[in-house]
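See structure below.
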Amino acid sequence: IITCPVLHLLAEFDDAANLLAANPDATTISIDEPAETPKNQHSRLQESGREEDDELLGTDDSDKTELLAGQKKSAPFWTFEYYQTFFDVDTYQVLDRIKGSVFPVPGKNFVRLYIRSNPDLYGPFWICATLVFTIAVSGNLSNFFIHLGKPTYHYVPQFRKVSIAATTIYAYAWLVPLALWGFLMWRNTKVMNIVSYSFLEIVCVYGYSLFIYIPTAILWIIPQKVVRWVLMIFSLCLSGSVLAMTFWPAVRDDNRRIALATVGTVILLHALLSVGCLAYFFDAPELDFPAPIIPAHNGTTVVTKSR
């Protein structure tokens, strides 16, 4: 019983020797060199080429992480764990995304490079909150320095500017991304190859794009209109380029006019926010009216200040 396999192998070798004797030009295959080697080499070449393409597009790590994230079980939206995932970032990730928004790289997608692996609301929330108080405080200080030295001016802190700034900034950071997300979803039903972004990713992009206005608002205290507008244009170019390079790939396969109009609307709304904040909080000082003189009954005069 044990020698049966050996006899069978010897019979096969004899058959092969007979075939070679009959046809010396026959092609033989060595067992030591498996036939799968060319396939492995071909697959390695394909993988190396794919890695180069992913590196150029910035999609290698992000796509792998996105696939892994899709396998995770998400908690119900009424639980604390569901909202905890939106703030699950560390300091290095936030700083890296801030650097990406301040120093945009031409040809690189901000979402795929920084956001898609783990979109968060921690950075956008605190950036907007910091920007609100920075604009309100800097606007009050700017108004104080403009009227400094005028005898008819009495400084009164305007706390209402905090509520106005908060309403403006947070409405822009949430309503505009919501409208843009709805538009992209609608166009995705019309044109199948449009890149789709989630609402959280769009909010994340808008939140981080506003960081450049925090140091800019501090520098707006300088009582020189020319300096303020130069700073505003510089900040608008940086943050606007982040938005343009992020959302242009999402609409470039659409109709040419619609794609240009979409990106133009995004930049226009961003410019309106910049110009509006500068004009309302910094370039609109309070008007001083001449103080009327009211005669008193005892012959003295009382000077009142009208504002």
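In case you wondered, yes, glycine gets a Cβ from its N, Cα and C as well.
TrEMBL entries are annotated by machine, without manual review.
Copied over from TrEMBL, here are the features:
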- 29-62: region 'Disordered' (REGION)
- 50-60: compositional bias 'Acidic residues' (COMPBIAS)
- 102-274: domain 'Yip1' (DOMAIN)
- 121-142: transmembrane segment (TRANSMEM)
- 162-186: transmembrane segment (TRANSMEM)
- 198-223: transmembrane segment (TRANSMEM)
- 229-251: transmembrane segment (TRANSMEM)
- 258-282: transmembrane segment (TRANSMEM)
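With a threshold of 8 Å between CB atoms, the same-chain residues lying at least 6 positions outside the transmembrane segment (198-223) that come near it are 86, 97-98, 100-102, 110-111, 114-116, 119-121, 123-125, 127-128, 130-131, 134-135, 138, 141-142, 145-146, 169, 172-174, 176-178, 180-181, 231-232, 234-235, 238-239, 242-243, 246, 270, 274, 277-278, 281-282. Outside the transmembrane segment (258-282) by six or more residues, the chain places 135-136, 138-139, 142, 161, 164-165, 168, 172, 176, 180, 183, 187, 209, 213, 217, 220, 228-229, 232, 235-236, 239-240, 243-244, 247-248, 251-252 with a CB less than 8 A from a CB of the stretch. Counting same-chain residues at least six beyond the ends of the transmembrane segment (229-251), those with a Cβ under 8 angstroms from any Cβ of the stretch are 100-102, 104, 106-111, 180, 184, 187, 194-197, 205-206, 208-210, 212-213, 216, 219-220, 258-259, 262-263, 266-267, 270-271, 274-275, 278.
Long-range contacts of the transmembrane segment (121-142) within the same chain, counting only residues at least 6 positions beyond its ends with a Cβ under 8 Å from a Cβ of the stretch, are 86-87, 89, 94, 97-98, 157-159, 161-162, 165-166, 169-170, 173, 200, 203-204, 206-208, 210-211, 213-214, 217-218, 220-221, 223, 277, 281-282.
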